[in-house]
Amino acid sequence: MESGKTASPKSMPKDAQMMAQILKDMGITEYEPRVINQMLEFAFRYVTTILDDAKIYSSHAKKATVDADDVRLAIQCRADQSFTSPPPRDFLLDIARQRNQTPLPLIKPYSGPRLPPDRYCLTAPNYRLKSLQKKASTSAGRITVPRLSVGSVTSRPSTPTLGTPTPQTMSVSTKVGTPMSLTGQRFTVQMPTSQSPAVKASIPATSAVQNVLINPSLIGSKNILITTNMMSSQNTANESSNALKRKREDDDDDDDDDDDYDNL
């Protein structure tokens, strides 16, 4: 810091000498030389602004010249805008005391970066994982129909002919207690066939249980109609007995013819 007395008063301009005198009157004795220039620039800018505002107020009041009242009004308006004093110390202490009464958030027990609560952070993931749904393979095997109650069985045998087996059509009407979704599934129904005790050992017997494949597209929500073609052992027995009877009748006729021939 250099003293203001180092520069000779005679070499300084009149405005600089006046500013140095103002600083001396305020008790400022040590300052840099450029402080005088900054203060002069500030004073020039401030005075110019005040006079411009005073001229505007005078023209608004329809006055011919700028008087002292206009200058006072301009200084008052500029002081309210530019020069604001800081708040009192007591006021600042009261605000600080109220702020310090708020407790700080608890420190997390685990180690790591000291971050605020999760709702204030942007570290949460903004996406969701979609679970892969495994589609059940319908062609893996056959499914047995559970809880099928057979209501009525009707048999309608057709008229048999010699030499050719006649298939028998059976319609089974069943009811399902609860509607089931059987789309795209195949299942097996086991049905016992009726066997007649008159079947001889020479006649090939059919299987006791036959498997019937049901197409799910033909199944309704309540009733199931099963139609199958199977060989009737009873019809086969009837055919064989009829053939034996006819053979015996033919033999009897031949014997009668022989007796008549002998009598002649």
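Positions of Cβ are set from backbone N, Cα and C atoms, glycine also.
Among the candidates Ser152, Ser173, Ser232, the residue that Swiss-Prot annotates as phosphoserine is Ser152. Per DSSP, the secondary structure of the DNA-binding region (120-137) breaks down as 1 helix, 0 strand, 17 coil.
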